[in-house]
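Asks: This is the structure I want to talk about, given as structure tokens.
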């Protein structure tokens, strides 16, 4: 049995270079003598709109050896502490509404879980604050655009959990430089024209337009929606989930800040519109914005106008709009034979909760942890990986659908469609039916590989005013509960006294990089 000695990643961009860097770093850490090469076309543009990230990115960048200060400086990055959802529950002309999904879980003063007591007091009419503000200091940090750490906090360490907003194209370039210079990843510029299979159906080698042959033991498909290796060569079918998540198009528009003092928002703002929603993220030097919508209910020109109206600017066909069409779903298998697809070649879900880069991280992390020593060991690793990722995709789809299906909006066909039971996955309907009677618990989410934990589900359920009829709580004196909620308010006052604004901290980081 011959040991595997070479991996080829096909495709660049964030998914390709992050995959190559992570694999090379992992092999180096574990002492495995496996060469990592990447074949990248110089004629195929990358999509690169995934400017929001998930907290897992912090550990990923640390593990591959990138300096946080270098990353922030090179990628126009800023700190992200969660998301604010505006007008998802009610028609804004009738009742404006907003709620947070912070990254920090609800606080537990002296170990006391306050979620059940918040629900109980909501039912009694004695709790005025929404769930995130009552139980989380981080929602206050977002309100005030305060940073999640101080200039003295170490790299990749936090006082409040964070991810980043970033320029995806710049991240791809930084990862490329780091992978080549620090991790000895071989870079090959070529357009792959042919994928040759052996008699067992494994990929034998690739042939480029110059008729050069590229051999490896294992291949990573990072070719985006085209899925050149997994779909086209290995014929792995696509599992369409667009009947659950019905948006299918995005129009993207970068916007400059009004001036150098404009606050840098420390969370993603996702604002519901007639046929979808607008994302608004704050980088150091600009805002990244886009309208994600259902093309059955909105034309490209209407989408551009909606985005311009959001910014309070005139619609101009000469602006730097970029239109992207997509279909929600995933490949029946992400790993087949000696090929693993990572990124859009594996699957795609709308960017509502910044899962794109997070799924690249999860994909390459899982691959590295299960990377086989020989071809004979691949089959069991393949089965295990695919079980994990099918479940991951389905759980992400359920979680994203949760944001839509609890809406009380019926002002447009798009929003009426979101409540149609046929557009809600059966597994989610089953959960919601149970959660209507009793509060969600960790036992309802037993799968350890899920991106979204109990806290995330609570923030969305309670943010959308979905309260269970009954919650189990310990019989504790109300005075103790009052003090526990008051302690969170005290933490907010303490944070306000010692944390800088997001912009001020980023400027401090920039100054330290130059010194």
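Cβ coordinates are placed from backbone N, Cα and C, and glycine is handled just like the others.
Just so you know, TrEMBL annotations are computer predictions that nobody has curated.
Here the structure is a predicted model, which means the values were calculated and not measured.
Residues annotated as active site in TrEMBL: 80. Among the features that TrEMBL reports, 7-chloro-L-tryptophan binding site is placed at 80. Summarising the annotation, TrEMBL assigns L-tryptophan binding site to 353. Summarising the annotation, TrEMBL assigns FAD binding site to 357.
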Asks: In sequence order, what residues of the same chain, 6+ apart, have a Cβ less than 8 Å from the Cβ of the residue listed as 'active site'?
Replies: 52, 53, 162, 163, 164, 165, 266, 267, 268, 281
Asks: When you measure from the Cβ of residue 357 (FAD binding site), how many other Cβ atoms are you left with inside 10 Å?
Replies: 26
Asks: Going by DSSP, is the residue listed as 'FAD binding site' part of a helix, a strand, or coil?
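Replies: Reduced to three states, the DSSP call for the residue listed as 'FAD binding site' is helix.
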